[in-house]
Amino acid sequence: MERTCLAIILAAGESTRMKSAMSKVLHPVAGRPMIAHVVDALASASITDVALVVGRDAEAVSTAASTGSVTVSSFLQKERLGTAHAVLAARAAIEKGYDDVLVVFGDTPLITAAPLTAARERLAEGNDVVVIGFETADPTGYGRLIVKDGELLAIREHKDASEEERRITYCNGGLMAISGSKALDLLGRIGNANVKGEYYLTDLVEIVRSLGGRAIAVEAPEEELTGCNTRAELAYIERLWQQRRRQELMLAGVSMVAPETVFLAWDTELAEDVLVEPNVVFGPGVRVESGAVIHAFSHVEGAHVRAGATVGPFARLRPGADLGPKSKVGNFCEVKKAEIGAGAKVNHLTYIGDAFVGAGSNIGAGTITCNYDGVNKHVTRIGENTFIGSNASLVAPVSIGSGALVASGSVITEDVPADAVAFGRARQEIKPGRAPILRQRYEAEKAARKKVKAAE
């Protein structure tokens, strides 16, 4: 579509019902501010110019909306005098001249490009106002779209609707497309002769008809127009988003044993033939390649899991974790800012942070890379085909050469050459018959403590 378009995002509400210290549009859906989802939908609809109408938390909202995919200009609505008043806060942007003006809300993160494009296409056919509506089983509380012979006659609020009109299930979704050449004239005709003294965008329908123009409605799925005013609605939107994304991934070849227990971030990338077991959480910045397996109860964030690698169960991958092909990070392991080479194994109860583990190496249970000295982080380098025995502490900065072997229980503070064997522990001593003597001493000490406590 070659027509020019300005999208106006209304995001100036007080968010009172959210009971929050920040604007509702900043609350995350799938790990990202909900307003960023709206901007992405606009970008997907090939809309590049956005006027953002802000109120509280103006700077933070503007930052969240500036995703880089569109050009965003912010406009402050100083008073809250209705939706039409909010749109006119962006008058300077409208005056630049566009074929289409599209009005959307910052709290509808489930909206997709399809209804936005459909609305613009109907403007291109010569209509002056296009309202995006939805069909619902329970229209109570919604404004009804009064349509006759394909033309939208009015938007009737529930409280003002007749009994016959209340039986209508086609409802106003709030989003609207307006002919750019007529937008300012139409908006300027909206009055505030109502109980609240506010300027309502919905009045445009009857205004344009009174001037001989034409208004119509296009339908979108109800869930796409779901707005967010409360924490309960935020949770509902999150659930809908997760359901939609899981379905998309499974249709693309990802297997999920119990999809309802898998939680994805907005940018999670799962390739074909990835298997995800129950109760897995993906944070932002995750890419999982084909054939990888994410076992149950794992948490993955900011990580790259390469082809054929396995994670978990009960594993945590933190930002910067990079697992090589067919590598393994097993149960109760944590990996942070570390590269695990191809075929390397970190099987049990291990922390690998700020480290490089070479291909084919085996890291024993309980191994820790001691990367933090209280002030700075330091790097541990482990070569290829190296064996680290159980319960080893590798005190960074330290390097262990390829093919080396580190004995169980060692504390390694110096570099280990390739193919060397390193012991970093005290030699075991055995004292025959000493155990009964120690037990007697311990019992006596225990009795003495009890006696002192009783005397207090």
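Glycine is treated like the rest: Cβ placed from N, Cα and C.
The following features are taken from Swiss-Prot:
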{"type": "ACT_SITE", "residues": "His348", "note": "active site, proton acceptor"}
{"type": "BINDING", "residues": "10-13, Lys24, Gln77, 82-83, Gly143, Glu157, Asn172, Asn229, Arg318, Lys336, Tyr351, Asn362", "note": "UDP-N-acetyl-alpha-D-glucosamine binding site"}
{"type": "BINDING", "residues": "Asp107, Asn229", "note": "Mg(2+) binding site"}
{"type": "BINDING", "residues": "Ala365, Asn371, Tyr372, Ser390, Ser408, Arg425", "note": "acetyl-CoA binding site"}
{"type": "REGION", "residues": "1-231", "note": "region 'Pyrophosphorylase'"}
{"type": "REGION", "residues": "232-252", "note": "region 'Linker'"}
{"type": "REGION", "residues": "253-456", "note": "region 'N-acetyltransferase'"}
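Residue environment of Asn371 (acetyl-CoA binding site) contains 23 other Cβ atoms, counted within 10 Å of its Cβ in all protein chains. Following the DSSP three-state reduction, the secondary structure of Lys24 (UDP-N-acetyl-alpha-D-glucosamine binding site) is helix. DSSP places the residues of the region 'Linker' (232-252) in helix, strand and coil in these numbers: 20 helix, 0 strand, 1 coil. Following the DSSP three-state reduction, the secondary structure of Gly82 (UDP-N-acetyl-alpha-D-glucosamine binding site) is coil. The Cβ of Lys24 (UDP-N-acetyl-alpha-D-glucosamine binding site) lies under 8 Å from the Cβ of Gly13, Ser15, Met18, Met34, Asp107, Cys228, Asn229, Leu234, each of which sits 6+ residues away along the same chain. Around the Cβ of Ala12 (UDP-N-acetyl-alpha-D-glucosamine binding site), the number of neighbouring Cβ atoms within 10 Å comes to 26.
Non-local contacts of Ser408 (acetyl-CoA binding site) by the CB criterion (under 8 A, 6+ apart in sequence, same chain) comprise Gly364, Gly389, Ser390, Asn391, Ala392. The CA atom of Leu10 (UDP-N-acetyl-alpha-D-glucosamine binding site) is located 46 Å away from the CA atom of Tyr372 (acetyl-CoA binding site). Of all residue pairs in the acetyl-CoA-binding list (Ala365, Asn371, Tyr372, Ser390, Ser408, Arg425), the one with the greatest Cα separation is 22 Å apart. Taking the Cα atom of each, Asn172 (UDP-N-acetyl-alpha-D-glucosamine binding site) and the residue listed as 'active site, proton acceptor' are about 55 angstrom apart.
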